[in-house]
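Q: The structure is given below, and queries will be raised subsequently.
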Amino acid sequence: MLKGAITALITPFDHKGAIDERAFCDFVEWQITQGINGVSPVGTTGESATLSHEEHKQIIELCVEQVAKRVPVVAGAGSNSTSEAIELAQHAEKAGADAVLVVTPYYNRPNQSGLYKHFSSIAKAVSIPIIIYNIPGRSVIDMAVETMRDLYQNFNNIIGVKDATSRIERVSEQGEKCGKDFVQLSGDDCTALGFNAHGGVGCISVSSNVAPKLCAELQAACFHGDYKTARELNDRLMPLNRAVFIEPSPAGIKYAAAKLGLCGETVRSPIVPLTESTKKIIDEALSHAGLLKA
């Protein structure tokens, strides 16, 4: 089962904006040595929206090869076109990914019947597990719990959700409708602790790009019922969780990674580099977490 801290991986670029393959592979290796529980390439944080399909596939292949089955690879495979989502999911399966993360279609705003058709079509096209990515703030639609339940009950390879609704009560609602084996992962670092307390089993995390050890320790503390330690770790991470989203993501987390010497901070337009004031806040948050010496 997918659980724990799963990093929503950034995609390092060189100063010209091309994929930095060496930096990416080194970054993935560092994540594993730090104790991360899984990695998720080419999602929102990986700037999938500004990657070509060829680049998207390239990153998945690099990630699968570097990970070499040591932790699960949950590959992004979303699109607002069902046929494109199927193509990306099939490629991820062929490349050796352990699961795919499929976002609810954005911009075209399908109704619940359209959402069911979209995900059922993908489920029929691949055999690997599918995680529904429900993020109304970006896709402008919210998959109803009943739609999620129907998909889960009717397709064996639809196994759970990355919930980025920031509505903590959804964990209980989804658990009640879908059952205890439905995999619920938080999509928001700020709610990760409470999410687990309500029945979640982990977080697909942005902050773990720079704090994989702390995020994995927080998740482990939750699993062992040690919420005192989990709260202490959460308090260390919370300023960072907030700071990296002051300006449009992933500029914030890429700056933080660059500050720690993990990769460059280049982002692709229309995302732009951070202002100096936000950089200062992130520096302070990194120091608060114990990741950056004052």
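Cβ coordinates are placed from backbone N, Cα and C, and glycine is handled just like the others.
Sharing the record's features from Swiss-Prot:
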type	residues	note
SITE	THR44	site 'Part of a proton relay during catalysis'
BINDING	THR45, ILE204	pyruvate binding site
SITE	TYR107	site 'Part of a proton relay during catalysis'
ACT_SITE	TYR133	active site, proton donor/acceptor
ACT_SITE	LYS162	active site, schiff-base intermediate with substrate
Q: Using TYR107 (site 'Part of a proton relay during catalysis') as the reference point, find which of the recorded positions THR44, THR45, LYS162, ILE204 has the shortest Cα-to-Cα distance to it.
A: THR44
Q: In whole Å, how far does the CA atom of ILE204 (pyruvate binding site) lie from that of THR44 (site 'Part of a proton relay during catalysis')?
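A: One finds 11 Å between the Cα atoms of these residues.
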Q: Using LYS162 (active site, schiff-base intermediate with substrate) as the reference point, find which of the recorded positions THR44, THR45, TYR133 has the shortest Cα-to-Cα distance to it.
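A: Answer for the nearest of the recorded positions: TYR133.
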Q: Write down the Cα-Cα distance for THR44 (site 'Part of a proton relay during catalysis') and the residue listed as 'active site, proton donor/acceptor', rounded and given in Å.
A: 11
Q: Which residues does THR45 (pyruvate binding site) neighbour through Cβ under 8 Å, counting only same-chain ones at least six apart?
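A: Within the chain, THR45 (pyruvate binding site) has Cβ neighbours under 8 Å at ALA8, LEU9, ILE10, VAL206, ASN209, SER249, PRO250, ILE253.
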Q: If you draw a 10 Å sphere around the Cβ of TYR107 (site 'Part of a proton relay during catalysis'), how many other Cβ atoms fall inside it, taking every protein chain shown into account?
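A: Taking all protein chains shown, TYR107 (site 'Part of a proton relay during catalysis') has 9 Cβ neighbours within 10 Å.
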